[in-house]
Structures are given as C-alpha cells and as structure tokens.
Amino acid sequence: MDSHVLQDFQSELTCSICMNYFLEPVTIDCGHSSCRPCLFLCWEEAQTPMCCPECKEIVENSDFRTSIMLKKLASLARQATPPSDPRSGEQLCRTHGEKKWLFCEVDKSLLCSLCSDSPEHAVHSYSPVAWAAEEYREKLLKKMDPLWQMTQDMQDNLNEEINKCQSFDYVVLRKNMIQVQYHMMHKFHVEEERFQLETLEREAQEIFQQLRDSEIRMAQHRERLKEMYRELTDMCHKPDMELLQVTREEPTVGTIQGWANCYMSLSHEDRNKIFGDDGGTKDPQTVESYVMWSADGFTSGRHYWEVDVGNTSNWILGVCKDFMTSDTFDSEKAFLLFSLKKNNHYRIFTNSPPLIQYVQKPEGRVGVFLDYDNEMLSFYDVYRCSLIYSFSLPFLTSPLNPFLFLGSP
C-alpha cells in the first residue's frame, strides 16, 4: 500500500481529541467520530454546551451507539502498527535473547517462544501480546461505562443538594409566621416566642450545615469517580507491553469473597450489645441474627461491593479494623452505617461521629465504595442511585475488613 494512502487510512481511525486509535468510537450528528470516553471528558471539562470537538457544531443528542466497524478497524490498526514509543518497544528475553511476543494468561508475564515451551509454562494458556492487550482494553471499557454512570448520578444528586441549599428561604417565612402569631397573643408569651425562634434558628443552622457538608462530600466523591474514569481511559491508551504489565493495578469492583467462612449466630444478649434494648427480640428462638466479615482485608486501592439488605429491619454495614467477636463490639475500630426499626419507624445513622442520616431507608441493595489510598468510605442507595453518607478515614495503618450484621426482618 502506498505510504500516503496508509497515513490517510490511519488518520481516519485516529481520535481528534487524544490522537490515538479509536477506543469505543461514536459518530455524532455532524458526522465526525471520537472515542466515547474522550468525548465525555472533553464535554465535562469544557463546561460549555456540548459541541463537536472538530467543527464545533452543537450536539443535541448524547445517546450514542458504538460504531462497530470503526472499532474493529481501529483494533486491527492498533495490532498492525509498530509501537512508536521507545519505552514500549520490543522486549528481549534475558535468558534466550529472543523477542517477547506472547502473554501468559496464568501468571500475567511476557514470554518468548522458547519460554512458552519450558516446563514452567507448558500447561499454561497464552496468546500474542497484541491480542491479549486488545482483550484487556475491552475489559477496562466495560468497567468504565457503569463508572461514568455513577459520576453522572452523583452530579444529579449534587444538583439536588445545591437546590435544597438555595431554597432554604422557608426558614425566614416560618420566622415571620411565628412572630405574627405570638404578637397576637398575650404579652406574657414574649419569652416563649423568643425561645421558639431561637430553637428554630438553631435547628435551621444544623440542617443547613448538614446539607452543605453533604454537598461538599458529593462534589469531592464525584471528582474521585471522574478521576478513576480518567485513569482507566489513560490505561486503555497505553502501549500493549505497558498495558499488560499494569493489569494488577486496576480498582476492584464486585462482591466480597470469604463471607461464608467468617460468620456467627447472635444471641439475644449479643444483639442488645449492638442495638441496645430496641434491637433485641423477646423470642430469640424464632429469629436468628448473623454478624459476618470478610476474611481478606484491604490495605490499598479502590474497592466497591453491594449487599442486599432485603426486608431486614436491623442491619449494620461497613468496614472494621480487626475481626469482631461475639464478646466484644468495639465501634471505635469500625466505620459503620446502621439501620434500626423502633415503633414502626426506621432510623439510618452512622458512627465515628454518631450522626442521624435524614434519608429514606434503602430498599434492596446498599453499595459500599472504599478508597483506601484517599482514606474515604461511602455508602450508596443503589435503587435510588443516591449517596447516603461518606466517611473520612484518617491515618489508616491497618487492613480494613468488610463487615455485615443482619438482624430480624
């Protein structure tokens, strides 16, 4: 193929934003194409009406479908094009002096032909580096879609929180109504009027501060989600060799393993240690409660898991620094979200510090996001796609183990 024709062909498969071959390409209304992650991040940072990065035409609809043909062509071009970055060039086997062109799926290492025939790797499965890199890019892209949706949901929740703060003028209206009512009453009620007004003002300041704190936490957490999305995008663009050598650095998203071998049934007395008199059942023979934790603790990275609380009334969810026992429940070593039913009313509250959360009781699943490196722990109502609360975890020096208590329905 003529070199000029080849360059034109490669140019048509290159994103105008990141200047790399397309990842998850989409074509907008004007006909130009870009990587979906690059386009979303470009619009996010511009803070202007959505428009084409090439011709600047305004985009009305952002519900794009991936261009399958462009994606396949870009993948083939990426595999066929020699690496231009010196750092990602051919690597030679120190033992045999041959090019490493195979990737072992078992121990995640790069091999030459002779290494793949050795007894150590003879029973392992392996594939060409280019193929393995494309498969890993596809796995990263599948994780990025829900991450971006979480970012957008967090923005919606943040907008709602901002609107609540801006519409807090009802306090002024209530104060005026109280003043009018008490001025119509006897002069001896002046002191009562003052007390009521001061109480209302104090409650209003507390609620407003909670709203402001929640708004700040949401904004900070949304930035962390967006940064994770950006990191995964950058990882997808890495050269094949470098991409496969950092496969162990990605954040974990999924379920926590090891619940089954770390649980115990709680007696009536143990339930009272956790929930007090309100949490105990009068007939412990009819209902069983369980406290569970993961056998594997986290010491770094970002991790997300979900727990289905179903119709359970009393439950605790979070992380603990040490394994709990039936004899002790040290809340100072745990960061927890509590659900408690009392007189047919539910309360959601946290510890460290103890705070009542003015949110609806989660239905179904509760999501937990642990960012160990940035010392943050967040809880989400999965059904409503909303943030419940975020903990700051200062001075982490020990593993954090996922913790769960399930009480009576």
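Count begins at 1; order follows the chain as displayed.
Every residue gets a Cβ built from N, Cα and C, even glycine.
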Need the matching range: TrEMBL marks coiled coil on one of 64-105, 190-231, and I'd like to know which.
190-231
Quick test of the contact rule: Cβ under 8 Å, at least six residues beyond the ends. What residues does that give for the coiled coil (190-231)?
37, 41, 44, 144, 147-148, 150-151, 154-155, 157-158, 161-162, 164-165, 168, 171, 174-175, 178-179, 182, 251, 302, 358, 369, 371, 374, 376, 378, 387, 389-390
If we skip the immediate neighbours and take only residues 6+ beyond the ends of the domain 'RING-type' (15-56), which ones have a Cβ under 8 Å from one of its Cβ atoms?
62, 64-67, 70-71, 74-75, 77-78, 81, 137, 141, 144, 148, 226, 229-230, 232-233, 236-237
By DSSP, what is the split of the domain 'B box-type' (88-129) into helix, strand and coil residues?
6 helix, 11 strand, 25 coil
